[in-house]
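First up is the structure itself, then whatever we jot down about it.
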Ligand code: SF4
Ligand code: SF4
């Protein structure tokens with residue numbers, strides 16, 4: 001592909017043609033990382049099985065190139081499915097909650113978890129994370145696959161939710177770091193105070209004995 005053509009096309013334009021399920025099947029952490037790699041001419045446009053051949057076609061049109069077939073090493077194009085937790089077996093370990101990029105799983109420690117089906121994008125990240133294998137995927141799009149089983153509106157909503165979650169995690173991390181700094185600062189103050197008191201005691205003792 002012509003590099004100048006790729007540079008002309010921005011990451012945002014590419015992102016709009018990726019499904020935003022953040023599944024990682026393309027081999028990148030999320031849809032944005034994949035879009036950035038495409039824009040930088042570091043990878044092909046045929047690595048997203050979730051968008052499927054329809055997605056590859058849209059990308060090929062965007063870049064004005066011939067449509068390649070899906071890279072089979074990224075997985076096959078499948079009907080859309082959503083996660084389902086076997087609530088009779090769930091131990092409430094919370095690993096799936098921590099993993100879900102969309103906060104689509106609710107529940108607390110030691111309590112049964114449930115998937116909010118309207119929010120689940122079917123990324124399957126929770127499935128491999130479950131230590132007792134109690135999550136499976138239920139097909140919800142019949143035989144429709146890729147972008148034929150997903151809409152631009154769903155992609156927009158998924159992206160918003162994912163970015164909101166990233167923002168929340170960043171804020172939580174900042175708060176934790178701030179708290180750690182405050183604790184370290186107050187420990188340091190206590191230490192200095194203790195040393196000053198020790199010195200004062202020594203001075204008092206020596207003034208009494210002299
Ligand atoms: S939806 Fe496509 S582009 Fe986004 S992470 Fe999954 S495979 Fe990659
Ligand atoms: S519930 Fe599972 S499959 Fe659904 S979005 Fe969350 S991690 Fe992905």
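Cβ from N, Cα, C; glycine included.
Taken from TrEMBL, the feature domain '4Fe-4S' applies to 4-65. What TrEMBL records for 81-110, 111-140 is domain '4Fe-4S ferredoxin-type'. The region 'Disordered' annotation in TrEMBL covers 173-192.
Within the same chain, residues 19-24, 79-87, 89-97, 99-105, 154, 158, 161 sit at least 6 positions outside the domain '4Fe-4S ferredoxin-type' (111-140) and bring their C-beta atoms closer than 8 Å to a C-beta of that stretch. If one looks beyond the domain '4Fe-4S ferredoxin-type' (81-110) by at least 6 residues along the same chain, the residues whose Cβ comes under 8 Å of a Cβ in the stretch are 22, 30, 116-117, 119-127, 129-132, 134-141, 158, 161-162, 165.
As a summary of secondary structure, the domain '4Fe-4S ferredoxin-type' (81-110) carries 5 helix, 7 strand, 18 coil according to DSSP.
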